[in-house]
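Undergrad: Quick paste from Swiss-Prot:
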- SER47: active site, charge relay system (ACT_SITE)
- HIS48: active site, proton donor (ACT_SITE)
- ARG52, THR160, ARG186, GLY187: substrate binding site (BINDING)
- 120-124, 178-180, 229-230, 305-311: NADP(+) binding site (BINDING)
- GLU188: active site, charge relay system (ACT_SITE)
Amino acid sequence: MDEPVRLSLAEVHVLCRDTLVAAGLGEEHAQAIARSITRAEADECHSHGLYRLIGYVASVRSGKAERHALPALARATPAVLRVDAKHGFAPLAVETGVPALIAAAKEIGIAALAIHDCYHFSALWADIEPAVEAGLAAWCFTVGQCCVAPAGGTTPLLGTNPFAFGWPGPSGRPFIFDFATSAAARGEIELKRRGGEKIPPGWAVGPDGAPTTDPAAALAGALLPFGGHKGSALSMMVELIAGPLIGDLTSRQSKAVENGDGGPPLGGELFIAIDPAVFGTGNLSSRLADADELFALAKAQPGVRLPSERRYQARERSRTNGIAVPAALFAELQALGPRGS
């Protein structure tokens, strides 16, 4: 097996930007996606990292996504913001809307941002991290393609439907979790397939409805929700609030308009942000200290780690050592870029 190719984070960004521009994507979108992928790789979130570049390029070349669409920000009310992504990729739309969301939440105490008509492929923790670093509690929800069966079923009806929550953490490191409501993200299963690995039991069923550990069969069949009916209910919640609530597509509707190029699905994204300084009563420092105590007491128990701790550790390693890219993936990306086109 060929040795992995080691790249600095700056080289990851350049690789992404150059590959996307060579495919015909506009500079602003290419830079935003490059930032998104680089953040994912820095935190060793490979399912949303360089591997996703293949899908982005496919959607540019197929004409599915608008290459030069500039997102438009509008204010429905002082606390409700909207970004029309105009059939473009989500990262630039997120970068357009989140600063306004932060400002509105700090002014009013609570604010929401709906992003419409976007192709979303990125990790949600990165979407809300700026708001949490600004001292806000924040949530984010998005709907994916129809590939998950509801609890007890075997036919896809729901998306992987991830959501994220963040809280301003101690030492400037926010408490953020981000996970799919399926047993695993579809990207994780795709990486298992590419690597020739099995998936754990309970993640999916094959096209015949029988449980499977074959990732190819899982992708052809249906993923399962985590936690049975609990994960299924949470997935439906995400469908409702990131779909009909904001006037965007459900996962089933998204799949119906999908062209099969392997790129990101079309849909919407909902953000909610609350400023503890405005929203709560009593002394803010005391309330934040109560939260810090909760984190400290949890970590004091052997075997406990908080969400996002591993990402921050990975981030420190990546800044120093760069990242390792599987040789086969690097060769595939090189073929997509300026040298291969």
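Using the three backbone atoms N, Cα and C, a Cβ is placed for every residue, glycine included.
Mind running through what each feature is packed against?
TA: The Cβ of SER47 (active site, charge relay system) has 18 neighbouring Cβ atoms from other residues within 10 Å, across all protein chains displayed. In the three-state DSSP scheme, SER47 (active site, charge relay system) falls into the helix class.
In sequence order, SER36, ILE37, ALA40, PHE121, SER122, ALA123, ALA185, GLY187 make up the list of same-chain residues 6 or more apart from HIS48 (active site, proton donor) whose Cβ falls under 8 Å from its Cβ.
Sequence-distant contacts of THR160 (substrate binding site), defined as residues of its own chain at least six apart whose C-beta falls under 8 angstroms from its C-beta, comprise GLY144, CYS147, VAL148, ALA180, THR181, SER182, ALA185, ARG186, LEU223.
In sequence order, PRO162, PHE163, ALA164, ALA185, PHE226 make up the list of same-chain residues 6 or more apart from PHE179 (NADP(+) binding site) whose Cβ falls under 8 Å from its Cβ.
Its own atom aside, the Cβ of GLU188 (active site, charge relay system) has 20 Cβ atoms within 10 angstroms in the protein chains shown. Secondary structure at GLU188 (active site, charge relay system), as computed by DSSP, is helix.
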Undergrad: Among GLY187, PRO307, all listed as binding-site residues, which has the most CB atoms within 10 Å of its CB?
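TA: The residue with the most neighbouring Cβ atoms within 10 Å is GLY187.
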Undergrad: Setting ARG52, THR160, ARG186, GLY187 aside, what same-chain residues sit with their Cβ within 8 Å of the center of the Cβ atoms that define the substrate site, listed in sequence order?
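TA: So the additional residues around the site are SER47, HIS48, PHE121, GLY144, ALA180, ALA185, GLU188, ILE189, GLU190.
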Undergrad: What is the nearest of the recorded positions SER47, ARG52, GLU188 to HIS120 (NADP(+) binding site), using the Cα of each?
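TA: Sorting the recorded positions by distance from HIS120 (NADP(+) binding site), the top entry is ARG52.
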Undergrad: Can you tell me the three-state DSSP label for HIS120 (NADP(+) binding site)?
TA: coil
Undergrad: Starting from the Cβ of LYS230 (NADP(+) binding site), draw a 10 Å sphere and report how many other Cβ atoms land inside it.
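TA: The Cβ of LYS230 (NADP(+) binding site) has 12 Cβ neighbours within 10 Å.
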Undergrad: Using a 10 angstroms cut-off on Cβ to Cβ distances, just flag whichever of HIS120, ARG186 is the loneliest among these binding-site residues.
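TA: With the binding-site residues HIS120, ARG186, fewest surrounding Cβ atoms within 10 Å: ARG186.
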